[in-house]
Amino acid sequence: MKHNTLRAVFQFSFFIGICTFIMIAGYSYQINYNQRMGIFYGGNITFKKVPKVVIYTATPFFDVPIENSILRDCSEKIKNSCTVTSNNKTFPIADAIVFHSRDINETKLSFFNKNRRYDIPYIMMAMENPFFAGLTVYHNFFNWTMTYRTDSDIFHPYGAFVKSYVPAEVNYSEIWNSKTKETLWMVSNGNAQNKRKELVEKLIKKGMSIDLYGQLYKKEPAECPRRRGPPGCDVKFHSPYKFAIAFENSNCKDYVTEKFWKKAGIYKTVPIVMSRKIYRDLGIPDSMYIAVDDYPNLEEFVHHIQNVTSNEEEYMKYHKWRKQFKIVDTNEGNIGFCQLCQKLAGYKRKLVPHKVYENLNSWHSTSTCDNSFATRFL
């Protein structure tokens with residue numbers, strides 16, 4: 001009888017324990033579910049359909065909030081399963097946090113260090129090269145990088161070219177007939193590290209015809225003032241030029257910005273760059289641009305430009321790529337965020353290994369740049 005009583009007490013205690021465990025587990029699940037639905041800390045975050053991936057952008061991009069519209073050119077599958085928001089209340093439920101390097105301040109850094117979430121990646125987004133990225137010392141803070149460099153965790157280029165499935169119809173005669181001027185240089189930043197201003201002015205002294213516009217030269221096209229012109233005026237302004245200077249403010253690994261992509265793309269000019277290696281390393285066709293370092297001196301370079309300027313057959317060789325390829329303008333950041341959504345989906349399935357950058361500055365450093373190029377010609 002005594003043994004039966006003890007057995008009954010044990011069974012009852014075990015039963016109570018199991019019930020308690022189920023209640024706690026169920027409650028924990030409900031809390032987690034409610035948080036995923038945006039019901040936490042008295043918040044009022046709501047999604048019509050709970051996304052599989054939530055990306056919280058903790059900083060703006062040059063003071064402009066990064067919102068879900070950044071995904072507008074992604075596939076429907078990505079848009080239906082991923083949300084990008086700058087709403088601070090999504091911090092506890094986010095699957096990743098993105099910081100733009102030029103918009104991080106000490107207050108934000110202190111908050112996210114103090115309230116660190118170790119279960120999700122902190123992502124550094126930097127579209128500027130190391131000289132202008134605005135990075136200070138971030139030790140063991142970031143897990144992923146999202147930059148223009150191909151070795152970033154998320155490749156976030158300014159532009160890209162893709163092969164056309166069907167050869168495009170290109171009116172070469174129309175392109176040639178629209179070209180009535182030689183070369184344009186539109187430039188705003190005079191604080192370049194690579195002496196591009198000195199190189200351009202040396203080219204002019206060597207006989208190259210270059211029209212100079214932009215903040216650096218305090219000259220704006222009357223028909224298309226910066227940020228105030230009518231839609232499409234930039235295309236109309238650039239279209240008469242055969243060539244356009246596309247020198248970046250620094251010569252860094254993989255650093256090819258809209259200066260190149262727009263000139264070759266919608267402007268239909270031939271970009272002139274400093275060094276071929278940077279562009280060739282990205283797989284950009286050699287015939288899409290002209291590189292100064294293909295020539296032993298500036299005299300021979302200028303002679304080539306002048307020869308091509310007056311020769312339709314030679315000039316149109318730099319447009320033949322248009323039949324097979326097209327340029328995708330990713331300057332609005334969509335390609336990078338599309339890829340980020342995809343990677344995070346894999347991360348949630350534990351397909352992406354956890355990592356942390358011990359010293360981000362050593363990765364995104366000026367050692368990836370070579371600004372000595374122009375000096376050999378000056």
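Cβ atoms are placed via backbone N, Cα and C, with glycine included.
These figures come from a predicted structure and were not determined experimentally.
Features as listed in Swiss-Prot:
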CARBOHYD  Asn44  N-linked glycosylation site
CARBOHYD  Asn88  N-linked glycosylation site
CARBOHYD  Asn105  N-linked glycosylation site
CARBOHYD  Asn143  N-linked glycosylation site
CARBOHYD  Asn171  N-linked glycosylation site
CARBOHYD  Asn307  N-linked glycosylation site
TOPO_DOM  1-7  topological domain 'Cytoplasmic'
TOPO_DOM  29-378  topological domain 'Lumenal'
TRANSMEM  8-28  transmembrane segment
Average model confidence [pLDDT] within the topological domain 'Lumenal' (29-378): 88
Neighbour tally for Asn88 (N-linked glycosylation site), based on other Cβ positions within 10 Å of its Cβ: 11
Residue among the glycosylation sites Asn105, Asn143, Asn171, Asn307 whose Cβ has the most other Cβ atoms within 10 Å: Asn143
Asn143 (N-linked glycosylation site): secondary structure state under DSSP, collapsed to three categories: coil
C-alpha spacing of Asn171 (N-linked glycosylation site) relative to Asn307 (N-linked glycosylation site), in angstrom: 22
Between Asn105 (N-linked glycosylation site) and Asn171 (N-linked glycosylation site), the C-alpha gap once rounded to whole angstrom: 50
